[in-house]
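Asks: The structure's right below; bear with me while I get my questions together.
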Amino acid sequence: MAGSVGSGISGLLSLRGKYFFIYFLAVWLRFMLMVITRAILGVYGSFVGIVMSVVMSIIWYGSQAWLGGLCISVILGSCSSAFLNMPNTLPEGALMQTRDLISFILFHLLSVPFMLVGPEKIKHPVILSNVLAVIVMISLTLWTVKTGEFRDPSGGWDTVHAQTNRWWTWLYGITSILGSVSSGILNHADFTRFARRQGVQTSGTLFGLFVPGTIIPLLGIVTASMNTDASGQPIWNPVDLLMDRLARDYTFLTRAACFFCAAGLITSQLAQNVLGNAYAAGMGLAGLFPKYVNIKRGCIIAAMLSWAFQPWQFYYLSSMYLDILSDFSVFLMPLTGIMISDFFLVRRQRIQLTHLYTRDTSGSYYFTYGVNWRALFVWLACVAPAIPGMIDNLQIKDRTEVTVAVLYYRGFCIFGFVQSLVVYWGIMRCFPPKGLGEQDEVDVYGTFASEEAIDLGITPFNKEFEVEGERLRGSFDDLELDDLVEDEKEKSEKEELKDVDLEDGEDQGLLKERFGARVI
């Protein structure tokens, strides 16, 4: 138990750094994920990062939707014994039952209205779901402690083996935690870019990761220690625990307790899945196909594509689920290391924002045919060594006998990140691209506050400045009174010229062009 808690805390500490970097870019530069990947991978190479993010979001949507479907199975099973004991008409190789398939479909249908609401209106439902989820977790733990019997959740793992592999197990725990939130790490910029100022994201991150992220896993370990299935194995999935209680004791009190616990959990699944996965995939698809797909359509497409990954297989074995979680970090860690190295070490936080929104070949982020081959090379070079260990880890039967490749894979949260960070820095020093370390002379988009822009040596947005011969005006904050009076006079003159009677011989088109009037 202590090792599991330690892995969780260490994972959160490591995770905090990754989240901070994404938050920093999103809040400071108002970047969304697609713009961040342009700066790293190039104007066209950024599609690789977006596709990776979309695929991860779709996989996690299916995974969380399956859990939500199981919650519906508990709710319906607590109301009807016929549904709980429904005969399974699916083949054994399907790895799911008929009732769970029905519930899976129902959860998808239940998610659709929330997808159509839009991310800007889901704040309060998410807060409510978080409160309900915490209440359910605490109540479930107290219930199982009162009625259950303690059993070692490790299954009597050999003490010598645990001592020998303690540090590798610790690293594997960190890798699994990072993999489980890999989609969230990449996609958080799409939300935090709307923060009012730099720093407001810190308190939410600290509370959201360290408090629930430490307490809830501890409650899960305690709960699993007090409950075992028919074969004597600990029950780690809260939904499986509720189904086990219904199967053993189908009384009114047990049914009511399971119903309310599942109802609280399903609100959490809806909020987490729609906000963290569906919206993220929708934004990514909208960025890839802006002409045909918006965020809402992207959410629906992601939900349909999630079936292709067969998420019910993820929960067939607890070890399989842990392995799948770890697999995602193999692709995330090198990309995160490259991002941090590029922004802090290579470019020293100096970005040409105007070059991020152009496909001109002279742009700093066009690189080579629109692709930063340096970043792609480093990413592939760091991912490739972990693939053999990832495959061996999925196929290994005896967990006490592991190869060097498996150990490297289990510690990839450290190895992959450090390797990509250092190697990318070295390659960029040897093959520097054009525009390295340069930044805009003026704040064209109003990205920075006046003080921030001055500190960076940039002309603030709320001052008049010249850009390629065009005079641009910023906000009204620093305009002189005479300017405001002049603007009001021009506005009044235009109002008076709304309706103009044409005299004989006057050209209607010329009058419209000159005065913007409605000709009568």
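Using N, Cα and C of the backbone, Cβ positions are placed for all residues, glycine too.
Note that TrEMBL annotation is computational and uncurated.
Okay, these came from TrEMBL:
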{"type": "TRANSMEM", "residues": "20-37", "note": "transmembrane segment"}
{"type": "TRANSMEM", "residues": "43-61", "note": "transmembrane segment"}
{"type": "TRANSMEM", "residues": "66-86", "note": "transmembrane segment"}
{"type": "TRANSMEM", "residues": "101-119", "note": "transmembrane segment"}
{"type": "TRANSMEM", "residues": "126-145", "note": "transmembrane segment"}
{"type": "TRANSMEM", "residues": "167-186", "note": "transmembrane segment"}
{"type": "TRANSMEM", "residues": "206-226", "note": "transmembrane segment"}
{"type": "TRANSMEM", "residues": "246-266", "note": "transmembrane segment"}
{"type": "TRANSMEM", "residues": "298-316", "note": "transmembrane segment"}
{"type": "TRANSMEM", "residues": "328-346", "note": "transmembrane segment"}
{"type": "TRANSMEM", "residues": "366-387", "note": "transmembrane segment"}
{"type": "TRANSMEM", "residues": "407-427", "note": "transmembrane segment"}
Asks: So what's near the transmembrane segment (43-61) in sequence-distant terms, Cβ-Cβ under 8 Å and 6+ beyond its ends?
Replies: 33-34, 37, 182-183, 186-187, 273, 276-278, 280-281, 284-285, 287-288, 302-303, 305-306, 309, 311, 328, 331, 335, 358-359, 363, 365-367, 369-372, 375-376
Asks: Which of 126-145, 298-316, 328-346, 407-427 shares the most C-beta pairs under 8 angstroms with the transmembrane segment (101-119)?
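Replies: Out of the listed stretches, 298-316 contacts the transmembrane segment (101-119) most.
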Asks: Ranking 206-226, 298-316, 407-427 by the number of C-beta pairs under 8 Å to the transmembrane segment (126-145), which range is first?
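Replies: Top-ranked stretch among 206-226, 298-316, 407-427: 206-226.
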Asks: Are the transmembrane segment (328-346) and the transmembrane segment (298-316) close enough to be called in contact, which here means at least 3 C-beta pairs under 8 A that are separated by 6 or more residues?
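Replies: In this chain the transmembrane segment (328-346) does not contact the transmembrane segment (298-316) - fewer than 3 Cβ pairs sit under 8 Å.
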Asks: Short question: which residues 6 or more past the ends of the transmembrane segment (66-86) have a Cβ under 8 Å from it?
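Replies: Distant contacts of the transmembrane segment (66-86): 97-100, 103-107, 110-111, 237, 239-240, 242-243, 246-247, 250, 255-256, 258-259, 261-263, 265-266, 269-270, 273, 311-312, 314-315.
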